[in-house]
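In Swiss-Prot this protein carries:
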{"type": "BINDING", "residues": "N42, 70-75, 105-109, 129-130, K142, K151, 169-172", "note": "NAD(+) binding site"}
{"type": "BINDING", "residues": "E184, H247, H264", "note": "Zn(2+) binding site"}
Amino acid sequence: MISKLSVNPTFSPSYNIIVDSVLDFSHILEYVTNKQVLVVTNTTVAKLYLTKFLAALVDDLDVRTCILEDGEQYKSQQSLDKILSTLLENHFTRNSTVLVALGGGVIGDITGFAAAIYQRGIDFIQIPTTLLSQVDSSVGGKTAINHQLGKNMIGAFYQPKVVYTSIEFYKTLPQREYIAGMAEVVKYAFISKDFYLWLDSNRDKILAKDSVTLIEMVKRSCQIKAQVVAMDEKELTGARAILNFGHTFGHAIEKCQNYRGLKHGEAVGVGMAQAIDFSHYLGLISQQQAKDFNDFIVSFGISIDFPNDICQKEFLEAMLLDKKNSNKELKFILIENIGSLSLQKQSKNELEQFLDISR
């Protein structure tokens, strides 16, 4: 069973997202029109899927691999340099090269950024292997590496040639990673009331990993993101900002833990709860709404407990570095109801007071 949908960005060519019930890498062959292929993956995914992927490629291709360490802390300049050096050392050229990102969000982000900047742009293909990367980072063209002062601070908007994935990847995906991915899925429920109701009615099947339901879940999540990206590919109008619900707080958590604590999806889960509570503090939603929204997050096995190893001063400093901020104004994606999120400016003092009473 294959589900296919199209992403139509504002400034870039359209591309397909292919969600497969089985794992058949041959589906990407029609998109490998270049003769030089560099497969970027990590040590974990390489052991599980690299051999099978390489076996699916035709014999007349010049195929090389670049295997990075696994973890958010390796979404770095050093890892980027390793990819670029591999391309240069093997004389890969702009018009004959395609990069393949075989892995989760870190691999997709860093490979996409390498594709964006190598010889001013080469083709790349996304093969996301985690739920989080399937529904979020592989779609929409955001590519980046982290800096020691902030997450995703160095990057570019650059769309893939195609996204191919399969729910078969879940067979080797640790439960913790699966639940982390569910945080991004739940985020879309706060953006779309229809999806909120669908998730609510299919919760048991989702937690039981029913294959038909999971394919539909991934497809619906990608559709919501694709619709937003089509309106505001490069965050010029502000429409795309709603996709960052939970991320302002979440990114700050990751930064404070040096990307070695909560996983990205876990941090987003906590971040959504923080954004919900901040919305209540500001009078945008009632206490009952805040409870209902947080209970919805928790019902999918997602923790909303704030880490106790982060001090408030450090957390506040990390939030001040958020990319949405401008002219020293803090910007947050806040909630007024299901399907009603908005980008709002708040003062540093308002945030400090909220953090004081919420700890």
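Glycine too: its Cβ is placed from the backbone N, Cα and C atoms.
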TODO: Select the closest residue to N42 (NAD(+) binding site) from the following binding-site residues, measuring between CA atoms: E184, H247, H264.
DONE: H264
Task: K151 (NAD(+) binding site): secondary structure state under DSSP, collapsed to three categories - done: strand
Task: Rounded distance in angstrom between the Cα atoms of H264 (Zn(2+) binding site) and T129 (NAD(+) binding site) - done: 15
- [ ] Mind checking which of N42, T129 has the fewest other CB atoms within 10 A of its CB? They're the binding-site residues.
- [x] N42
Task: Other CB atoms within 10 A, centred on K171 (NAD(+) binding site) - done: 10
TODO: Run through the Cβ atoms and count how many others sit within 10 Å of the one on H264 (Zn(2+) binding site).
DONE: 29
TODO: Around the Cβ of I107 (NAD(+) binding site), how many other Cβ atoms lie within 10 Å? Please give the count over every shown protein chain.
DONE: 30
Task: Inter-residue Cα distance where the pair is H247 (Zn(2+) binding site) and I107 (NAD(+) binding site), in Å - done: 19
Open item on the list: Rounded to a whole angstrom, what is the C-alpha distance between E184 (Zn(2+) binding site) and K171 (NAD(+) binding site)?
Closed with: 19
TODO: Would you identify the secondary structure of T129 (NAD(+) binding site) according to DSSP, in three states?
DONE: coil
TODO: Measuring Cα to Cα, tell me the gap between K171 (NAD(+) binding site) and H247 (Zn(2+) binding site) in whole angstrom.
DONE: 28
